[in-house]
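Heads up, the thing below is written out as structure tokens.
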Amino acid sequence: MTSLYSFVTGPLAWIAFGIFIIGSVYRLVSMYALAKAKDGSSLAYMSWFYGLRSILAWMVPFKSQGWKSDPLMTVTTFVFHIAFLLVAVFLNAHVVLWDMNFGISIPSLPTAFGDIVSFVAIAGCAVFAYRRLSLPHVKGVTRCQDWFALILVILPFITGVLAYHQIGPVLLMTILHVLSAELLIALIPFTRLSHALFVLFTRAYMGSEFGGVRHANDW
Amino acid sequence: MSHIADRIISDVGLEAGVAGLTTEKIETVVNQMLKGETGAKLRAYKETCMRCGLCSQGCHYYMSHDQDPSYSPVNKATETMYELMEKKGKVEPQRIYEMAQMAYTECNLCKRCAHYCPIGIDTGYIMSMVRRICYLLDVVPQYIRDTAHSHSSTMNQMWVKDDEWIDSLQWQEDEARDEFPDLRIPLDKEGADIYYSVIAPEPKFRTQLIYQAAAIMNAAGCDWTMPSHPGWDNSDMCMFVGDFENMGRLKRAHYESAQKLRVKRIVMGECGHAFRSVYDMGNRWLGHKKMPVPVIHAIDFYWELIRDNKIKITHKYEKPVTIQDPCNIIRGRGLMDKLRDVVHFLCEEVVEMTPNREHNYCCCAGGGVINCGPPFKNTRMTGNRVKAEQLKATGVKDVVIPCHNCHGGIEDIIGYYDLGMHGKFIGDIIYELMEKPEL
Ligand code: SF4
Ligand code: SF4
Ligand code: SF4
């Protein structure tokens, strides 16, 4: 078991990060090449100013029509993404990892707070799942890929919480936690989670068209 | 949730088109089009859409059908383009009928949903690409196909013959000279400041609008002209059909006829979709990032006349009015402030609809939907109950509508929901209020 542990936290971690980085670069570069080859009449209108303006406008909760239209979804989206980043980067166990593996030292969240944030992230996923199950306009367009992405995201949180609270065999839970996190990282470029890579560009493009061509706000 | 298959409407064009399809043909055309004409934009949209459903409330069809998910933007994209992409074009002919009906008649390409999607997905663009595929498969509603054919054979939307066009202008000039003795409609005047272009339904059905425009130009002392040759029609149903080749021909003819006359700029009449084809679609197809001849919309033009004190009105319009914001010039071109300045200059009281400005609801006629003709009239009427509610809530009788399509759409809605209102072009109001020579 300990050798398995050192394998998943050692070589496998490097592989997961490798796939993530190479995969992300590949996806972004190939998408850009495709855009250059085929979407010239759109690329021509890309604008830093209007692109950034749109990104910033949509980072403000309840500013856009979309965020106003569904408060539960808005709160959940913002809270979930913030919780996700906080846990992934600043949880004290993770901070130790950054330090040990990359020699980067960053401040860590107080332990109890980190625990709460993990529960908040799980609750966020629960809201997403609730929407997919019960709101007709979401249920109708939900496909397996959407569920797969949601499960991929929630697993590291659940196993993490179990390991931390020592529910079930600790070492096994920790291994499962690391494994599920690695799976998540490696698959980001290749699943619906790729929105993490592309959303800035789609948003900036919409902002550029609305600001530069259509002279109207896109929020 | 309803399904498109349960609301199929009989249309000759769609039926005949589908009868000529085979699954192999569909597969070939879809893949050729997806490979050859679309790229990263469409692929990123499909992949990045989180199926969150936030765009639903942006769409007037969804809102007007008691939040029926079948009409939500993401569902329309899922049931058409995304399905074609996933199945690599392997779908049955009947499915193409359903997709065509959805793309041509259940989306106005109004892009209102853009204000609702956090990812920035442009459902209007996706539906245009579905239409493009349907057009290449020859599955197009009959009425709009006929209109597009008129464009491609006569270079205007209404089969107006070259001599009929000149006749109509001279007839209007003649009529107007009774009221304004020195009025001219100058034809082919080289080097004029203004080249005035209209949509073909103006000479065909609403000739008084040309009369009024001439009266305004005359009173304001403009140096203007209208062309006697093809290119005079700025409208563009080919754009909405998905016939981009002819869209390009039309726009080129429009720009070139102005260039031939070496005019300073084009002023377009009160139309929304024609303006879209000039600044957003046709220009891109031709590879112009900017318009080769400056083009402005009538609202911009009226606004300048008011700013420069060139229009004199005898009094303000007394009855309260409301304003329809046409998507293609408001969400499309940011003319909301100028539109309001002009209307407030002309009218005593303006009661706004909510939401308005770039968050307006489309009239449900746009995107070529009204041009799909009588078979789909009910689609427009039931699809825009929200507009009827908005109009009714203002409590006024007059609607200022600076767009031809919106005029048709809103008049239909007013009739269907029995609102007892009626629409006015800005030109109608200016003409009514302006100082006229004493005879
Ligand atoms: S009609 Fe307008 S709001 Fe509805 S899907 Fe089409 S573009 Fe979006
Ligand atoms: S709002 Fe955008 S991301 Fe969400 S379902 Fe609609 S198109 Fe997809
Ligand atoms: S007809 Fe008017 S409201 Fe409707 S899409 Fe065109 S501009 Fe928009």
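Backbone N, Cα and C define each Cβ position, glycine as well.
According to TrEMBL, the feature domain 'NarG-like' maps to A:110-164. Among the features that TrEMBL reports, transmembrane segment is placed at A:12-35, A:41-60, A:72-96, A:116-135, A:147-164, A:170-190.
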Intrachain neighbours beyond the transmembrane segment (A:41-60), with Cβ under 8 angstroms and 6 or more residues off its ends: 35, 67, 200, 203-213, 217-219
Predicted model, mean pLDDT over the domain 'NarG-like' (A:110-164): 95
Other than its close neighbours in sequence, what residues sit by the transmembrane segment (A:170-190), given a CB gap under 8 Å and a spacing of at least six beyond its ends? 1-2, 4-5, 8-9, 12-13, 15-17, 19-20, 23-24, 26-27, 152-153, 155-156, 159-160, 162-163, 196-197
Within the same chain, the residues 6 or more beyond the ends of the transmembrane segment (A:116-135) and with Cβ under 8 Å of it are 72-73, 76, 79-80, 83-84, 86-87, 91, 109, 142, 146-147, 150, 153-154, 157-158, 160-161, 164
I'd like the per-state residue tally for the domain 'NarG-like' (A:110-164) from DSSP, helix first, then strand, then coil. 49 helix, 0 strand, 6 coil
The answer for the transmembrane segment (A:12-35), taking Cβ pairs under 8 Å and residues 6+ beyond its ends, is 42-43, 101, 178-179, 181-183, 185-186, 188-190, 194, 197-198, 201
